[in-house]
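So the structure is just underneath, and the comments pick up after that.
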Amino acid sequence: MRIAVVEDDDGVGDALVDALIEVGHEPRRMRRGADLLLGHRDFDLALLDLGLPDEDGLTVLRRLRSVSRLPVVVLTARDDERSVVRALRGGADDYVVKPARLGELMARLEVAARRRVADAPAAAGRQISTGDITVDLDARRVTVAGADVALTPKEFELLAHLVARRGEAVSREQLMDAIWGDAYVAISRSLDVHMTALRAKLGRPGVIETIRGYGYRWGS
(Lines of atoms letter the chains of each structure in order from A and count residues from 1; the text may use other names and numbers.)
(Lines give C-alpha, C1' and ligand atoms only; values in the text may rest on other atoms or scores of the structure.)
Protein backbone atom coordinates (compact mmCIF):
# COMPACT_ATOMS: atom_id res chain seq x y z
CA MET A 1 0.00 0.00 0.00
CA ARG A 2 1.01 3.59 -0.55
CA ILE A 3 0.98 5.01 2.96
CA ALA A 4 1.31 8.64 4.03
CA VAL A 5 3.23 8.79 7.31
CA VAL A 6 2.28 12.14 8.83
CA GLU A 7 4.70 12.49 11.74
CA ASP A 8 6.88 15.46 12.68
CA ASP A 9 9.25 13.55 14.99
CA ASP A 10 12.19 12.37 12.87
CA GLY A 11 13.03 9.40 15.07
CA VAL A 12 9.48 8.05 15.08
CA GLY A 13 8.85 8.92 11.43
CA ASP A 14 12.02 7.27 10.14
CA ALA A 15 11.38 4.14 12.20
CA LEU A 16 7.84 3.86 10.83
CA VAL A 17 9.02 4.32 7.25
CA ASP A 18 11.67 1.61 7.68
CA ALA A 19 9.17 -0.80 9.25
CA LEU A 20 6.62 -0.24 6.50
CA ILE A 21 9.19 -0.76 3.75
CA GLU A 22 10.31 -3.97 5.48
CA VAL A 23 6.85 -5.52 5.04
CA GLY A 24 6.41 -4.37 1.44
CA HIS A 25 4.53 -1.07 1.73
CA GLU A 26 5.41 2.20 -0.02
CA PRO A 27 5.51 4.87 2.70
CA ARG A 28 6.14 8.57 2.22
CA ARG A 29 7.05 10.75 5.16
CA MET A 30 5.22 14.03 5.75
CA ARG A 31 5.75 16.47 8.59
CA ARG A 32 2.72 18.76 8.21
CA GLY A 33 -1.00 18.23 8.05
CA ALA A 34 -1.14 20.54 5.02
CA ASP A 35 1.02 18.07 3.08
CA LEU A 36 -1.58 15.35 3.58
CA LEU A 37 -4.48 17.62 2.65
CA LEU A 38 -2.79 18.53 -0.62
CA GLY A 39 -1.44 15.07 -1.50
CA HIS A 40 -3.97 12.58 -0.14
CA ARG A 41 -5.04 11.40 -3.60
CA ASP A 42 -1.64 9.74 -4.04
CA PHE A 43 -2.14 7.32 -1.14
CA ASP A 44 -4.13 4.25 -0.13
CA LEU A 45 -3.98 5.02 3.60
CA ALA A 46 -2.68 7.64 6.05
CA LEU A 47 -0.96 7.14 9.39
CA LEU A 48 -1.66 10.39 11.23
CA ASP A 49 -0.04 11.87 14.33
CA LEU A 50 -2.12 14.43 16.24
CA GLY A 51 0.69 16.68 17.47
CA LEU A 52 1.69 18.34 14.20
CA PRO A 53 3.57 21.65 13.89
CA ASP A 54 1.15 23.44 11.57
CA GLU A 55 -2.26 22.24 12.71
CA ASP A 56 -3.74 19.87 15.26
CA GLY A 57 -4.20 16.39 13.82
CA LEU A 58 -7.89 16.32 14.74
CA THR A 59 -8.44 19.42 12.63
CA VAL A 60 -6.50 17.85 9.77
CA LEU A 61 -8.67 14.73 10.06
CA ARG A 62 -11.88 16.76 9.99
CA ARG A 63 -10.76 18.72 6.92
CA LEU A 64 -9.64 15.54 5.16
CA ARG A 65 -12.98 13.85 5.82
CA SER A 66 -14.80 16.74 4.14
CA VAL A 67 -13.20 15.76 0.82
CA SER A 68 -11.95 12.16 1.04
CA ARG A 69 -12.69 8.63 2.27
CA LEU A 70 -8.97 7.83 2.56
CA PRO A 71 -8.47 5.33 5.42
CA VAL A 72 -6.81 7.03 8.39
CA VAL A 73 -5.19 5.36 11.38
CA VAL A 74 -4.28 7.80 14.14
CA LEU A 75 -0.94 7.09 15.86
CA THR A 76 -0.35 9.43 18.78
CA ALA A 77 0.93 9.79 22.32
CA ARG A 78 -2.47 11.14 23.43
CA ASP A 79 -4.12 8.40 25.45
CA ASP A 80 -7.00 10.34 27.01
CA GLU A 81 -10.52 9.14 26.28
CA ARG A 82 -11.64 12.51 24.91
CA SER A 83 -9.01 12.48 22.15
CA VAL A 84 -9.84 8.89 21.23
CA VAL A 85 -13.56 9.61 21.01
CA ARG A 86 -13.06 12.83 19.03
CA ALA A 87 -10.80 11.10 16.52
CA LEU A 88 -13.09 8.12 15.97
CA ARG A 89 -16.19 10.29 15.71
CA GLY A 90 -14.26 12.62 13.41
CA GLY A 91 -13.66 9.87 10.88
CA ALA A 92 -10.55 7.95 11.98
CA ASP A 93 -10.69 4.26 11.09
CA ASP A 94 -8.57 3.30 14.10
CA TYR A 95 -6.67 4.86 17.00
CA VAL A 96 -3.31 3.56 18.25
CA VAL A 97 -1.40 4.98 21.22
CA LYS A 98 2.40 5.31 21.13
CA PRO A 99 4.57 3.40 21.64
CA ALA A 100 2.90 0.94 19.30
CA ARG A 101 3.78 -2.72 18.84
CA LEU A 102 4.77 -2.95 15.19
CA GLY A 103 3.04 -6.24 14.44
CA GLU A 104 -0.23 -4.98 15.86
CA LEU A 105 0.10 -1.64 14.05
CA MET A 106 0.66 -3.36 10.69
CA ALA A 107 -2.40 -5.54 11.26
CA ARG A 108 -4.53 -2.51 12.12
CA LEU A 109 -3.40 -0.74 8.94
CA GLU A 110 -4.37 -3.73 6.82
CA VAL A 111 -7.77 -4.05 8.49
CA ALA A 112 -8.51 -0.34 8.01
CA ALA A 113 -7.64 -0.57 4.32
CA ARG A 114 -9.77 -3.70 3.80
CA ARG A 115 -12.73 -2.16 5.59
CA ARG A 116 -12.72 0.89 3.32
CA VAL A 117 -12.55 -1.27 0.19
CA ALA A 118 -15.52 -3.31 1.42
CA ASP A 119 -17.50 -0.15 2.24
CA ALA A 120 -16.75 1.60 -1.06
CA PRO A 121 -19.80 2.16 -3.29
CA ALA A 122 -20.03 0.24 -6.54
CA ALA A 123 -18.60 2.04 -9.53
CA ALA A 124 -21.15 3.98 -11.53
CA GLY A 125 -21.92 3.13 -15.13
CA ARG A 126 -19.58 4.70 -17.63
CA GLN A 127 -22.43 6.21 -19.67
CA ILE A 128 -24.99 8.11 -17.66
CA SER A 129 -28.25 9.63 -18.88
CA THR A 130 -30.49 12.14 -17.13
CA GLY A 131 -33.45 13.28 -19.18
CA ASP A 132 -32.07 14.15 -22.62
CA ILE A 133 -28.52 14.65 -21.29
CA THR A 134 -26.06 11.79 -21.86
CA VAL A 135 -22.55 11.80 -20.42
CA ASP A 136 -20.02 9.24 -21.69
CA LEU A 137 -17.31 9.24 -19.03
CA ASP A 138 -14.84 7.14 -21.05
CA ALA A 139 -15.19 9.07 -24.31
CA ARG A 140 -15.49 12.40 -22.44
CA ARG A 141 -18.49 13.20 -24.61
CA VAL A 142 -21.67 15.05 -23.65
CA THR A 143 -24.87 15.28 -25.67
CA VAL A 144 -28.06 17.21 -24.99
CA ALA A 145 -31.11 16.18 -27.04
CA GLY A 146 -28.73 14.28 -29.32
CA ALA A 147 -26.46 17.24 -30.03
CA ASP A 148 -22.83 17.32 -28.91
CA VAL A 149 -21.91 19.90 -26.28
CA ALA A 150 -18.32 21.16 -26.25
CA LEU A 151 -16.91 21.48 -22.74
CA THR A 152 -13.50 22.56 -21.51
CA PRO A 153 -11.50 19.90 -19.59
CA LYS A 154 -12.36 21.46 -16.23
CA GLU A 155 -16.05 21.78 -17.13
CA PHE A 156 -16.16 18.10 -18.09
CA GLU A 157 -14.41 17.04 -14.88
CA LEU A 158 -16.91 19.07 -12.88
CA LEU A 159 -19.81 17.47 -14.75
CA ALA A 160 -18.36 13.96 -14.45
CA HIS A 161 -17.88 14.32 -10.71
CA LEU A 162 -21.51 15.33 -10.25
CA VAL A 163 -23.15 12.78 -12.56
CA ALA A 164 -21.12 9.92 -11.07
CA ARG A 165 -22.82 10.81 -7.77
CA ARG A 166 -26.22 11.68 -9.16
CA GLY A 167 -28.79 12.23 -6.46
CA GLU A 168 -26.08 12.82 -3.84
CA ALA A 169 -25.12 16.13 -2.27
CA VAL A 170 -21.53 17.01 -3.24
CA SER A 171 -19.81 19.75 -1.27
CA ARG A 172 -17.92 22.62 -2.85
CA GLU A 173 -14.82 21.43 -0.99
CA GLN A 174 -15.10 17.97 -2.54
CA LEU A 175 -15.37 19.45 -6.03
CA MET A 176 -12.46 21.84 -5.55
CA ASP A 177 -10.28 19.10 -4.13
CA ALA A 178 -11.13 16.55 -6.83
CA ILE A 179 -10.77 18.91 -9.80
CA TRP A 180 -8.20 21.51 -8.75
CA GLY A 181 -6.44 19.47 -6.07
CA ASP A 182 -7.08 22.23 -3.57
CA ALA A 183 -10.09 22.87 -1.34
CA TYR A 184 -8.93 26.29 -0.21
CA VAL A 185 -10.84 29.53 -0.62
CA ALA A 186 -8.61 30.78 -3.46
CA ILE A 187 -10.13 28.18 -5.79
CA SER A 188 -13.73 29.01 -4.88
CA ARG A 189 -14.16 31.73 -7.50
CA SER A 190 -12.85 29.44 -10.23
CA LEU A 191 -15.46 26.84 -9.28
CA ASP A 192 -18.21 29.46 -9.55
CA VAL A 193 -17.06 30.54 -13.02
CA HIS A 194 -16.88 26.97 -14.34
CA MET A 195 -20.24 26.05 -12.82
CA THR A 196 -21.92 29.05 -14.47
CA ALA A 197 -20.40 28.15 -17.84
CA LEU A 198 -21.37 24.47 -17.50
CA ARG A 199 -24.98 25.27 -16.69
CA ALA A 200 -25.19 27.67 -19.64
CA LYS A 201 -23.82 25.09 -22.08
CA LEU A 202 -26.15 22.35 -20.89
CA GLY A 203 -29.16 24.64 -21.13
CA ARG A 204 -31.07 22.67 -18.50
CA PRO A 205 -31.25 24.99 -15.46
CA GLY A 206 -32.75 22.50 -13.02
CA VAL A 207 -30.42 19.58 -13.60
CA ILE A 208 -27.68 20.93 -11.30
CA GLU A 209 -29.31 21.86 -8.02
CA THR A 210 -27.57 24.32 -5.70
CA ILE A 211 -27.59 23.29 -2.04
CA ARG A 212 -27.27 26.57 -0.21
CA GLY A 213 -24.27 26.77 2.08
CA TYR A 214 -22.99 23.34 1.01
CA GLY A 215 -22.61 22.51 -2.67
CA TYR A 216 -24.51 20.91 -5.54
CA ARG A 217 -26.53 17.87 -6.56
CA TRP A 218 -27.07 16.34 -10.00
CA GLY A 219 -30.73 15.53 -10.60
CA SER A 220 -31.64 11.85 -10.60
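Positions of Cβ are set from backbone N, Cα and C atoms, glycine also.
Across the domain 'Response regulatory' (2-113), mean pLDDT in this model comes to 93. Taken from TrEMBL, the feature domain 'Response regulatory' covers 2-113.
According to its DSSP assignment, Asp49 (4-aspartylphosphate) is coil. The annotation 4-aspartylphosphate is assigned in TrEMBL to Asp49.
Taking H, G and I as helix, E and B as strand and the rest as coil, DSSP gives the domain 'OmpR/PhoB-type' (125-220) the counts 38 helix, 25 strand, 33 coil. The domain 'OmpR/PhoB-type' annotation in TrEMBL covers 125-220.
Feature annotation from TrEMBL assigns DNA-binding region to 125-220.
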Which same-chain residues, if any, lie at least 6 apart from Asp49 (4-aspartylphosphate) yet have Cβ under 8 Å of it: Val6, Glu7, Asp8, Asp9, Val12, Gly57, Val74, Leu75, Thr76
